[in-house]
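Features of the protein shown, as given by TrEMBL:
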{"type": "ACT_SITE", "residues": "156", "note": "active site, proton donor/acceptor"}
{"type": "BINDING", "residues": "18, 392", "note": "Mg(2+) binding site"}
{"type": "BINDING", "residues": "25, 216, 217, 218, 219, 220, 290, 291, 292, 338, 339, 340, 341, 342", "note": "ATP binding site"}
{"type": "BINDING", "residues": "99", "note": "substrate binding site"}
{"type": "SITE", "residues": "188", "note": "site 'Transition state stabilizer'"}
{"type": "SITE", "residues": "249", "note": "site 'Transition state stabilizer'"}
Ligand code: AMP
């Protein structure tokens, strides 16, 4: 039991905040033990009717009503902490760790936030218009709410700063690319880094000895190739639109589709953005973006849902093949995030028939439901296939604590 759960204030706690444009997810985490003391989600910030759900000590508390902005959301979170009998005391916080989607070419490792850093995060808004302004606002409000508590920004792009030039460079006019910072940045880095580390721990291997493919299949989805703990390829690019099929995002399409639609359908930039980011992917193909709904429809014989499932799995499989070549063969392939952790049918479809490449899934192991890291390949498989739950909040809490304590 930690000091906090006995009611004694602990200064080792990290509040992790993940701001979206109209949402704020948070967790109060003890970074060493990984204990989550409270977690919650505030949604529909700025809309007529907002909602917050707070879980602590096995109990859920809810708020509904207007939530004007991210500052108001923090106030409601503080109220919910107080109602749950465990007020959020700034004196008990080691730091607040913020997930920031885009670090651009500026940020790699986590940084302590000051006015200059905040300005730079805002300047990167052009590269991540939905995400970075929200993160900056969240940081600003958290600085006001918790004066004197260090605020740390942890970037989703950081793990992919090591991509070799051949992997991160787009073959477009080099001057245009340089002028506008156009390159592949990659996202979900916190998850890919955490999961590849957990794989090494679970297998009792040194991470520097492992070539890994990590498949983060959640509402957003991305694949990475990690050689000896260093990221060498990933499927997302300048923005989180490239690569795999996602809930509402198309992933890879021929860029020619955009010019064609602009010409024949008169779509402007916003129309194209909305089409590919919000109306495509599983939603565009099957009419629903939640993978469980796709599977329910598919099981009921719906052809569009079947096609969505097939396109989704085919795309992941294609990336697995590509990354096997990039790495010159892999030791481990790992599934993570909502779909990767919970959909055995996807894992089976993605890796079916790859015995010639040394990849063989064990049907019984694949069917097991568990929150623990586990191997789902056969003993004969030369490539180990695993399911490893991701935990981005814990990874952010640990990175935050490390930065603050070493400073
Ligand atoms: P995440 O972004 O990691 O929270 O993942 C969200 C996605 O995981 C959604 O598309 C969910 O439908 C999917 N998901 C969660 N649980 C399951 C499940 N039991 N079977 C299939 N998909 C699931």
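Backbone N, Cα and C atoms are what each Cβ position is placed from, and that goes for glycine too.
The residue listed as 'substrate binding site' sits 5 Å from residue 18 (Mg(2+) binding site), counting Cα to Cα. Residue 249 (site 'Transition state stabilizer') has none of the binding-site residues 25, 290, 339, 341, 392 nearby, counting only those with a Cα within 10 angstroms of its own Cα. For ligand 1, the recorded positions lying close by, meaning a CB under 6 A from one of its atoms, are 290, 292; the full candidate list was 156, 290, 292. The record assigns 25, 216, 217, 218, 219, 220, 290, 291, 292, 338, 339, 340, 341, 342 to the ATP site; their largest pairwise CA distance measures 22 Å. Counting only residues at least six positions away in the same chain, the Cβ atoms of 247, 282 sit under 8 Å from the Cβ of residue 290 (ATP binding site). Of all the recorded positions listed (156, 341, 392), 341 has the fewest other CB atoms within 10 A of its CB. Classification of residue 341 (ATP binding site) by DSSP places it within a helix.
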